[in-house]
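Worksheet for the structure shown next.
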Amino acid sequence: MARAHLISSPNVSSLTTGAYLSGRKLSFNSIYYESSGGSKASKHSIKAQIQYNPLRFQPSPSNNHYKSTERGATYEESNKSYVAKAVTVPSSESESEASNSKNIVDSVKNFMAVVYQFIYPYAMYGRTSTTISASLVAVERLSDISPLFFIGLLQALIPSLFMDLYVNGVNQVFDYEIDKINKPHLPFASGKLSFRNCVFIVAASAILGLGLNLMIGSPPLIWNFVLNVILVNCYSMNLPFLRWKQNPVLAALFVTTSMTLLFPISYFLHMQTFVLKKPLMFTRSFIVTLLFMGLYSTGIALSKDIPDVEGDIKHGVDSFAARLGQKKVFWICISLFEMAFGVAFLAGASSSSPFWIKFAACLGNFVLGSILWYRAKDVDVKNPASSGPFYSFIWKLMMAGHVFLPLIR
């Protein structure tokens, strides 16, 4: 709402205007006339003029403020100037409510964006693709892909999101000092999330994840969640006999066990035995999946420490990258990744699937292996700005590799 400046002077004979003062409409309908020497108004013509100027002023206890300026020795009406000032205030409670609602929505959006960074998006997508791929491997014929299949897939995916929050959250809480050096962009290390909020997210994720799995009642999912929580606590928590990440062998074993055994086996068994109600049977494509994930997850377990050598050394974390050198470990990881794509390529070539499916599986793994080799040549392993994005890139390649695993029969 605007501030109105209304002036009546000897040259202004009429003032008619409306101003909103304190949320209420104040109207002035008056005619002011000028006189000369006590002459009457009937002897002069009436003139009307409206003058409007926005004013800036500090609000007084009353929202209406009038100022009278004397221009002569005597208090004659013709010598007075009146100024009316209107203060901008909310005209209704609905405007305040709309503003509050907008602020709440913005706060929720900002919080969700921080949580999205907190969960490690690339790792979340990688585990999600593992869940989908392992579930599809359990499918033996097209008729198995039914509404029941998608319900079972959601039963596996939703609790796994809470598990990702817990796994990554516990790691960030106990790696706060290291992350301030290695990963200062993370929400907790950068101060976007407080310690209390981090603990709340971690605790809520554990309760919700376990609660959902118990409600679903799938034994593979329950054991998958419980064992992963136990393992990540052993890996991250700085307690006696724990903090496995300080030992390179135990750290690599944690990642490999989770990604090679717990995730694929639990989601495969969930879909095959709990959802589709079929007898337990390890198919050829499932065995290839285990071999692929065994090689690829070992490479991830070794390569994840390459960008973090500086902070790990300062805080006593003995990783293979710190012990053997970043460049040597990097090329060991590239060899493991290429071997994983090679296993999938050979399995696809010897598959009993129709020719076009075999061709797609072979071509896809060949292309992924070629992209990996081409990208690896340009990585500066000693520069976290180069090796860090490459670590995210290998998770994306793993997701692409999961597309072709269910095609191998």
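For all residues, glycine too, the Cβ spot is worked out from N, Cα and C.
What TrEMBL says about a protein is an automatic prediction, not a curated fact.
Taken from TrEMBL, the feature transmembrane segment applies to 148-167 (among others).
The feature transmembrane segment is assigned by TrEMBL to 193-214 (among others).
According to TrEMBL, the feature transmembrane segment maps to 221-242 (among others).
The transmembrane segment annotation in TrEMBL covers 248-269 (among others). Outside the transmembrane segment (248-269), and at least 6 residues removed from its termini, the chain residues within Cβ reach (under 8 Å) are 127, 130-131, 133-135, 137-138, 156, 220-221, 223-224, 227-228, 231-232, 234-235, 280, 286, 289-290, 293-294, 296-298, 300-302, 304-305, 318-320, 323.
According to TrEMBL, the feature transmembrane segment maps to 281-302 (among others).
Among residues of the same chain six or more beyond the transmembrane segment (329-348), those with a C-beta under 8 A of the stretch's C-beta atoms are 284, 288, 291-293, 295-296, 298-300, 302-303, 305-306, 320-321, 358, 361-362, 365-366, 368-369, 372-373, 376, 379, 381, 387, 394, 397, 401, 404-405, 407-408. The annotation transmembrane segment is assigned in TrEMBL to 329-348 (among others).
Sequence annotations record features per position, and here TrEMBL assigns transmembrane segment to 355-376 (among others). Here the transmembrane segment (355-376) has long-range neighbours at 330, 334, 337-338, 341-342, 344-345, 347-349, 390, 393-394, 397, 400-401, 403-404, 407-409, meaning same-chain residues at least 6 beyond its ends whose C-beta is under 8 angstroms from one of its own.
As annotated by TrEMBL, transmembrane segment applies to 388-408 (among others).
Among the listed stretches 148-167, 193-214, 221-242, 388-408, the one sharing the most Cβ pairs under 8 Å with the transmembrane segment (281-302) is 388-408.
Same-chain residues lying 6 or more positions outside the transmembrane segment (388-408) and placing a CB less than 8 Å from one of its CB atoms are 122-123, 125-126, 129-130, 132-133, 136-137, 139, 284-285, 288-289, 292, 296, 299-300, 303-304, 306-307, 333, 337, 340-341, 344, 347-348, 351, 353, 357-358, 360-361, 364-365, 368, 371-372, 375-376, 379.
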